[in-house]
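Visitor: The structure under discussion is supplied below as C-alpha cells; questions concerning it will follow.
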Amino acid sequence: MSKLQDVIVQEMKVKKRIDSAEEIMELKQFIKNYVQSHSFIKSLVLGISGGQDSTLVGKLVQMSVNELREEGIDCTFIAVKLPYGVQKDADEVDQALRFIEPDEIVTVNIKPAVDQSVQSLKEAGIVLTDFQKGNEKARERMKVQFSIASNRQGIVVGTDHSAENITGFYTKYGDGAADIAPIFGLNKRQGRQLLAYLGAPKELYEKTPTADLEDDKPQLPDEDALGVTYEAIDNYLEGKPVTPEEQKVIENHYIRNAHKRELAYTRYTWPKS
C-alpha cells in the first residue's frame, strides 16, 4: 500500500469487512443520537432517486424514526421525489419508496426552477453547458430539501459514502450538502450488502449507478464518468492492491476534488502545499 493510499484509507474509515446486523445497528444509533441531541428536530428529509444510496439511507432513516417514536420522541421522515420533468426511472423511485415505507412523501418537480435559472443566466450573458446545467439540477434538489426541512423543523440527510467521497463524485453544495451523512465509512459493495440484508429488491442495488444529471447523456453510468470501476475504488478503500492505472485515476480524483470535502477555505485552513 502506498503512503497516500494509507492516508486515504484512514480518512475514509472503510472497514475491510462488515457485519450487516452490527453495521445497521451502529448506523441507526448514529441517526437516533443526533436527533436526541438536538431537541428542535421534528423531521428528517431525504431526496429519493431510486438508486442504491438513497434507498439504503431512506430505509435506515425510517427504521430510526420508528424506534425514536417508540421511545417517545416525536419525529417524522419525509421522503422527497425530485424529478426534472418526467423521470426516466420513475418506476424504480416508486419501488424504492415501497421498500422504504416513509411516513410522508413530497413531490417537487424541479424543471421549472432549473430552466428559469438557466434562462436568467443566459439573459445575463452566462450560457451554461449541459454539464453545468446538471449541477444546477443537483443544487436545486438540495435547495428544495433544505426548504422543506426549514418549514418542518427538520434536517437534511445526505447519501454520501466513502466511494463517492474519495472521488468527489457529487456536486459541491448540491448532493454533497446535508446536515448528516450516515453512510460515510461504507464503500459501494458494503452498501449493496446492507440492502440485501434488509431485504431490498435486487433491482434497487444491482442497477447501474448513475447521477443522470446531463440532458445530452441520459443515464450516463458513474463508472464511465469516473474512468474507473467501483470494484477498484472499493478495493482501494479496503487497502487492497489495484492496478497502477486505477490507482492513478483514484488518487487524481481525490487530490483534484479536495476542496469539495472542506467548508470554504480561510487563510488559516487552506492547504497551500
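Cβ coordinates are placed from backbone N, Cα and C, and glycine is handled just like the others.
Found this in Swiss-Prot, in case it helps:
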- Gly47, Ile48, Ser49, Gly50, Gly51, Gln52, Asp53, Ser54, Thr159, Lys188, Thr210: ATP binding site (BINDING)
- Asp53, Glu164: Mg(2+) binding site (BINDING)
- Arg139, Lys172, Asp179, His259, Lys260: deamido-NAD(+) binding site (BINDING)
Visitor: Under a three-state reduction of DSSP output, how is Asp179 (deamido-NAD(+) binding site) classified: helix, strand, or coil?
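Guide: It is coil.
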Visitor: When you rank Gly47, Ser49, Thr159, Thr210 by Cα distance to Arg139 (deamido-NAD(+) binding site), which of the binding-site residues ends up on top as the closest?
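Guide: Closest by Cα: Gly47.
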Visitor: Measure from the Cα of Gly51 (ATP binding site) to the Cα of every one of the binding-site residues Glu164, Lys172, Asp179, Lys260, then give the nearest.
Guide: Glu164
Visitor: Can you grab the distance from Lys172 (deamido-NAD(+) binding site) over to Gly47 (ATP binding site)? Cα atoms, rounded to a whole Å.
Guide: 16
Visitor: Count the Cβ atoms, other than its own, that fall within 10 Å of the Cβ of Asp53 (ATP binding site), considering every protein chain shown.
Guide: 22
Visitor: Going along the chain, which residues six or more apart from Thr159 (ATP binding site) have their CB under 8 A from its CB?
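Guide: Within the chain, Thr159 (ATP binding site) has Cβ neighbours under 8 Å at Leu46, Asp53, Ser54, Leu56, Val57, Asp175, Ala178, Ala181, Ile183.
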Visitor: List only the single closest residue to Gly47 (ATP binding site), chosen from the binding-site residues Glu164, Asp179, His259, Lys260 by CA-CA distance.
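Guide: Closest by Cα distance to Gly47 (ATP binding site) among the binding-site residues Glu164, Asp179, His259, Lys260: Asp179.
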Visitor: Under a three-state reading of DSSP, tell me whether Gly51 (ATP binding site) is helix, strand or coil.
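Guide: Note: Gly51 (ATP binding site) is coil by DSSP, not helix or strand.
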Visitor: State the Cα to Cα distance, in Å, between Glu164 (Mg(2+) binding site) and Asp179 (deamido-NAD(+) binding site), rounded to an integer.
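Guide: Answer for this pair: 17 Å between alpha carbons.
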Visitor: Within 10 Å of Ser49 (ATP binding site), Cα to Cα, which of the binding-site residues Asp179, His259, Lys260 are there?
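Guide: Checking each Cα against Ser49 (ATP binding site), there are no hits.
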Visitor: Per 10 Å Cβ neighbour count, which of the binding-site residues Glu164, Asp179 ranks highest?
Guide: Glu164
Visitor: With a 10 Å radius around each C-beta, find which of these binding-site residues (Gly47, Gly51) has the fewest other C-beta atoms nearby.
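Guide: So among Gly47, Gly51, the binding-site residues given, the one with the fewest Cβ atoms within 10 Å is Gly51.
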Visitor: May I ask which residues of the same chain, at least 6 positions away in sequence, place their Cβ under 8 angstroms from the Cβ of Lys260 (deamido-NAD(+) binding site)?
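Guide: In sequence order, Gly168, Tyr170, Lys172, Gly176 meet the Cβ cut-off.
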